[in-house]
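Asker: Handing you a structure now.
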Amino acid sequence: MQDWTSECDLLVVGSGGGALTGAYTAAAQGLTTIVLEKTDRFGGTSAYSGASIWLPGTQVQERAGLPDSTENARSYLRALLGDAESERQDAYVETAPAVVALLEQNPNIEFEFRAFPDYYKAEGRMDTGRSINPLDLDPADIGDLAGRCVRNCTKTDRMDHAPGRMIGGRALIAVSAAVQSTARQNFAPESVLTSLIVEDGRVVGGLRSNPRYRQRIKANRGVLMHAGGGFEGNAEMREQAGTPGKAIWSMGPSGPTPATRSPPELAGRRRNSLARSGVVLPRGRAARRRRLHGRVRGGLVVDSPGSVPQRVASVRPVRTSHGCSPDDNGSAVPSFMIFDSREVTDCPPSASRTRPPPSTSKPEPGSVPTLSKNSLPRPDYRPERIAQHCRKVQRCRKLGVDEEFHRGEDPYDAFFCPPNGGANAALTAIENGPFYAARDRLSDLGTKGGLVTDVNGRVLRADGSAIDGLYAAGNTSASVAPFYPGPGVPLGTAMVFSYRAAQDMAK
């Protein structure tokens, strides 16, 4: 017999958008929940995101008059991902409308469509995008929870947002207010799930630890929902998975460094896929502003060791904007983005020369040949190669055609590029000094590797059987998509499979 300290129907580990969706779904079914958050603030990794959510075919797209549908979304995923995860792909797109319908029943939660193109040219793609976003939130609407949300990414607002509003991923804290309104929850900050409690092969609870005490929490349904972040902040686990880059380069919050001891029969973790790149702070921690690539039209990214230009205005592909695949193990970094003064002027203040952001390395002015020789700290960088490629960009600008990288031919390119007076808005010549180089390293916001699950989020053993009572979603689980089909797929899948897990537990 276990000596239990507290009880609930559903124990939720983590407080990001996916975890909170699972908690709210359970509460809506009449189940009691305890939400454990490792840090002292709620919101998780999703609070650091722009909160685009890839939930296709919902009432939100219908309100916006978009010709979106579950079938179109299914076709798009199948064209990109194949049949390897067809059941989970189907569960994802078929459940998305129900998730949104449930959440919008609560007066605290409302979504809207915001244009952001799907990333790849494939059957079912929507050039306008199909992602939805939570409406900006007035902190007064959620009371004390506003002060318990993950803090702003930076101390200074550089994007002219309305003062006092909770925007982007922080607006998803509204889901926690919805959970709280059910009176069937208990939020527990500064609480680490240090181990799972197993009886006769079934997960029946967990050991909660915080700076003051330890508790044995029983899930009355014999259920634990594990949605507590990935392993991007754990250097040892990254090395075991063969994940490129360093833990200190991750852009995620400090919480996702798994401390839970799992039953030995758990399935192994899948190999992580590199999701994106970012600018790195001088002190080594990844910068919170990650849109430099999207804002610079006329740049070159030169990688190691041969000064090879890489595409700047680009979708988020299987290969990163460095031209480095996950199998390259990060050998192409650091890279340097080279651009001229017009891009500095046109960039938002987060990448401004006159107001350099304190959270990124300051660009270095100088002529292109001088810059490449004196400022790019690798002996194998060749100034003549960089100058040659700058002249090539000039020719592309005059022609309006990028024959090598095809910039400006994809709707995603056009989305980020306002008119520049030329035939191709994605091409701006590198000719107006001073010139700049921004150091670029691999980075990530989370992991795609994790616990292998079925369509209802049940964690699977190595032999494919389900572990009774254990569910996983979000960055804890292996992704349904080995790469990034569109804006908000990680958050969308986290919400859908947390919803499906809670529904399965409520049966």
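Keep in mind that glycine also has a Cβ here, set from the backbone N, Cα and C atoms.
Straight from Swiss-Prot, here's the annotation block:
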- 9-38: FAD binding site (BINDING)
- 299-385: region 'Disordered' (REGION)
Asker: Across all protein chains in the structure, which of the binding-site residues Thr21, Thr25, Thr33 has the highest Cβ count within 10 Å?
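Answerer: Counting Cβ neighbours within 10 Å, the top one is Thr21.
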Asker: Quick one: among the binding-site residues Asp9, Glu37, which has the most Cβ atoms sitting within 10 Å of its own Cβ?
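Answerer: Result of the Cβ crowding comparison: Glu37.
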Asker: Within 10 Å of each Cβ, count the other Cβ atoms and name the one among the binding-site residues Val13, Gly17, Gln29 with the highest count.
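Answerer: In terms of Cβ crowding, the pick is Gly17.
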